[in-house]
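Q: This is the structure, below, for whatever I ask next.
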Amino acid sequence: MVNSQIVELWTLYSLGVSFTILRTYARVKAVGIRDLRADDYLIWFAVLIYTVQCSLGYNLGAAAHGLANNGMTPEERSSLTHDNPEYAMRVLGSKIQVAGWTSAACLLWTLKFCVTFFYFRLMNGLEKFRMHIYIALGLIGSTFITLLLTIFISCRPFNHYWQINPDPGNVCQAAISIPIVWVMFVTNVVTDAYLVLIPIPMLWQSSLKLIKKLAATLVLSAGVLIIVCATLKSVFVLVDPEQGGQLAAAWGTRETFIAVITTNLPMVFPLLKVWFAPWLPTTNCSTSNKAYKVHGSGFVTIGGGGASASNRSRQAQSTRDVTGNMTFGDNESEEHIVRSSTDVNLQNLQASHGAQNSLEANKIMVSTHVSIKSEDASSDKIAKSFTGV
């Protein structure tokens, strides 16, 4: 691995970890340590796997010099003796390749679970939308098992993954193994595409302004970049089996970095909006520091907190404030995040109060009709949550 690749590897790693720290800071600032949720902890497990993967990538270049049991002619294989230093490097590199595929799978799928748990928190209380998340959980779990089985079963016996001579065949050359490449590509793209599609249709069916829809879509569709990197990585291996492995490894590093960033982005973006608000046009982006009421359904906003234990109870009637909600567009701080079915017009209440005073003073009964309109605003609940993006 050349020096530039090492610099890129650790630079991306540092940025990814820093962004995760920023995400945790944003979440703690929004809800406190006690109200952190499963995805807030799972993301740090992903960082541990990310550390392992980057260490493997570094050693593939520093110790194995990018070599493995692929890219050799039959003559080169037969002439390479066991006491040759290159033989040891190729064996080590082949083992690192197997471990690299495994760590990449564990990292990417852990991040997918993080996104799924975030969706659970986002749609708390909206059961008809949560079914899509349960499907996502099943899809992610089944594809993860399929990918691991492909890595560990496709090459038999397993030690042929680092066999040099005779040629173990493409299936046992982990760096360019067609079964691994294809299964990784298909499962990765399918799961990422499904995760992107969960909130987007509901967002565009809402009554939000176009600028809000575009901004929220941009943040929530950042996972498309992972699909692009996964595609490029696979193309390099399929087009050039001899040298494509090194390019694929480089794009694999970028893929996992982008996955870490995009998983954290919905939680970090509101904080970045506050920090950069002085430099943003006031006509396009404004910040509301007012508190919003989140009713017993526990519905929350992106970057905000989940419902507390008491709020998660179906019998709980109290509400709590979630501060720091931000919206796009001009001053819209008076907009409700959740439209309660029992909202009563303030003027009507004042009129009713006036009627009582009139009754006492003049002994005249004044009847005021208070109209309460109830409607199913589930889609708007989802849409309003994305104004926190």
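Numbering starts at 1 and runs along the chain as it is shown here.
Using N, Cα and C of the backbone, Cβ positions are placed for all residues, glycine too.
Curation plays no part in TrEMBL annotations; they are all automatic predictions.
Straight out of TrEMBL:
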TRANSMEM  6-26  transmembrane segment
DOMAIN    22-273  domain 'Rhodopsin'
TRANSMEM  38-58  transmembrane segment
TRANSMEM  98-120  transmembrane segment
TRANSMEM  132-154  transmembrane segment
TRANSMEM  174-202  transmembrane segment
TRANSMEM  214-236  transmembrane segment
TRANSMEM  256-276  transmembrane segment
REGION    306-331  region 'Disordered'
COMPBIAS  308-318  compositional bias 'Low complexity'
COMPBIAS  319-330  compositional bias 'Polar residues'
Q: I'd like to know the mean pLDDT over the domain 'Rhodopsin' (22-273).
A: 90
Q: Counting Cβ pairs under 8 Å that are 6 or more apart in sequence, does the total for the transmembrane segment (98-120) and the transmembrane segment (256-276) reach three or more?
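A: Counting Cβ pairs under 8 Å, at least 3, so yes.
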Q: Residue list, the transmembrane segment (38-58) vs rest of chain: Cβ under 8 Å, 6 or more residues beyond ends.
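A: Residues 1, 6, 9-10, 13, 16-17, 20, 23-24, 27, 96, 99-100, 103-104, 106-107, 110-111, 113-115, 117-118, 121, 249, 253, 256, 260, 263-264 contact the transmembrane segment (38-58) from elsewhere in the chain.
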Q: Should anything in the same chain at least six residues away from the transmembrane segment (6-26) have a Cβ under 8 Å from its Cβ atoms, list it; otherwise answer none.
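A: Result: 40, 43-44, 47, 50-51, 54, 57-58, 61-62, 250, 253-254, 256-257, 260-261, 264, 267-268, 270-271, 303.
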